């Protein structure tokens with residue numbers, strides 16, 4: 001009747017204990033078995049599980065691309081860009097506050113419960129789009145508290161992959177995100193045009209429910225049981241899971257600080273671009289729904305190639321830091337092109353460059369993961385996701401304000417190509433926010449130059465021992481892993497032959 005969490009002296013104690021007291025280990029063991037049964041899922045943790053979770057969640061939201069533009073314009077006919085930035089801004093700020101906390105708690109209680117929670121609350125606003133637009137936008141803002149699926153997913157992947165495999169694994173997860181956006185906007189636009197927005201919302205809701213069921217039934221827990229406490233009743237103090245305490249180490253470790261500044265300066269314009277770009281294509285460039293869908297599909301397909309085929313080759317030949325620098329260079333180029341471009345062909349050309357810039361995030365995630373110990377991956381990825389959440393709050397508001405200053409407003413839902421729009425398209429800088437974003441990314445590039453190429457350290461752990469102080473000592477890394485290059489062998493088929501404990505079953 002002993003459990004794994006009992007000490008060697010416990011059998012002797014049970015021999016002299018009363019029957020009532022001796023029943024306590026049985027209850028604790030049965031409770032632990034019951035709580036762990038739903039964590040098992042199918043097979044060993046793999047990139048397959050992470051990829052399906054990401055795909056379903058963002059596929060559901062991708063279906064709503066066209067209906068969301070309609071509801072946004074109908075709800076806020078005046079200053080649409082500005083209100084869009086405000087809504088996304090509140091969501092991003094809440095994500096910034098919650099991401100380190102959720103990442104730290106997932107290091108203690110496991111990844112699966114928080115995967116379930118983040119997906120559920122992130123997708124909760126979907127059916128509200130047809131019920132009440134005001135409630136829909138309100139819940140989108142509040143859902144930012146749990147909109148940190150990527151941080152939990154990357155920590156999930158880090159639990160079962162070796163250090164030199166993670167950049168490839170992160171690339172596949174990010175590519176799955178791009179793949180979910182290849183077809184879903186087109187499907188959503190087709191259903192909306194032929195059957196109405198209500199059917200699109202229904203399909204998106206069903207896909208979100210399918211994702212939740214997949215996590216419940218199929219996704220196995222990736223965090224080793226000996227790292228987790230014996231039960232959910234374990235005492236977790238606020239100090240152990242304080243998001244601000246976990247953020248304090250950013251200033252104490254120079255490498256982590258440089259990485260975080262790089263992420264902030266590079267993702268700030270990217271977040272603003274994501275929040276307003278489809279509206280910009282309609283209002284300023286004159287793209288219709290079909291062209292927007294085709295544009296998303298093209299960029300998505302090219303992003304998949306960039307984050308799978310090219311990323312592994314670049315990491316092997318250039319190294320982690322230089323791959324990040326290359327991605328930032330592509331981002332500067334595409335933002336400048338969007339800023340000066342006023343014709344449709346320029347948008348298509350800049351989209352190919354934008355796809356190549358998508359290698360930055362998985363490369364940065366691999367870089368921060370190398371500075372975190374095995375039991376601190378959730379905290380490490382939570383910091384990055386928290387900073388991205390802050391950018392999701394500031395970026396859309398910044399872009400919306402710049403559009404407002406330059407009198408770019410969504411006066412009509414469809415493409416507007418009349419004489420009122422000609423002066424803007426003929427202006428020297430048709431897209432001022434994008435050019436401003438290129439300047440910010442240039443600053444990020446300069447900061448990234450000072451990131452060390454490789455430094456093995458307990459960076460995240462040594463300043464965050466309070467998160468795992470009550471847990472058992474994590475398994476030590478082997479010395480061979482400490483000296484091996486970043487991506488010894490990134491062939492995705494060979495990675496799938498690893499032992500179950502360190503398996504990286506690629507897509």
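Glycine residues also receive a Cβ, built from the backbone N, Cα and C atoms like all the rest.
Here is what Swiss-Prot says about this protein:
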REGION    1-22  region 'Disordered'
TRANSMEM  52-72  transmembrane segment
TOPO_DOM  73-84  topological domain 'Cytoplasmic'
TRANSMEM  85-105  transmembrane segment
TRANSMEM  114-134  transmembrane segment
TRANSMEM  137-157  transmembrane segment
TRANSMEM  171-191  transmembrane segment
TOPO_DOM  192-198  topological domain 'Cytoplasmic'
TRANSMEM  199-219  transmembrane segment
TRANSMEM  258-278  transmembrane segment
TOPO_DOM  279-283  topological domain 'Cytoplasmic'
TRANSMEM  284-304  transmembrane segment
TRANSMEM  324-344  transmembrane segment
TRANSMEM  348-368  transmembrane segment
TRANSMEM  390-410  transmembrane segment
TOPO_DOM  411-430  topological domain 'Cytoplasmic'
TRANSMEM  431-451  transmembrane segment
REGION    462-483  region 'Disordered'
COMPBIAS  462-473  compositional bias 'Polar residues'
Field: Per-state residue totals over the topological domain 'Cytoplasmic' (192-198) - DSSP helix, strand, coil
entry: 6 helix, 0 strand, 1 coil
Task: Grab the same-chain neighbours of the transmembrane segment (137-157) for me: Cβ-Cβ under 8 Å, and only residues 6 or more beyond its ends, written as numbers and ranges.
output: 45, 47, 49-50, 53-54, 57, 75, 87, 90-95, 97-99, 102-103, 106-107, 111, 114-115, 117-122, 124-125, 128, 166, 169-170, 173, 222, 365, 369, 377-378, 380-382, 384-386, 388-389, 392-393, 504
Field: Segment proximity, the transmembrane segment (85-105) to the transmembrane segment (390-410), 3 or more C-beta pairs under 8 Å
entry: yes
Best-contacting stretch, by C-beta pairs under 8 Å, relative to the transmembrane segment (171-191) and drawn from 85-105, 114-134, 199-219, 284-304, 324-344: 284-304
Task: Answer with yes or no whether the transmembrane segment (199-219) touches the transmembrane segment (284-304) by the criterion of at least three Cβ pairs under 8 A, sequence separation 6 or more.
output: no
Task: Could you break down the residues of the topological domain 'Cytoplasmic' (279-283) into DSSP helix, strand and coil, giving a count for each?
output: 5 helix, 0 strand, 0 coil
- line: Reduced to three DSSP states, the topological domain 'Cytoplasmic' (73-84) has 8 helix, 0 strand, 4 coil
Field: Folded-back contacts onto the topological domain 'Cytoplasmic' (192-198), same chain, C-beta under 8 angstroms, at least six residues removed
entry: 66-67, 70-71, 129-130, 289
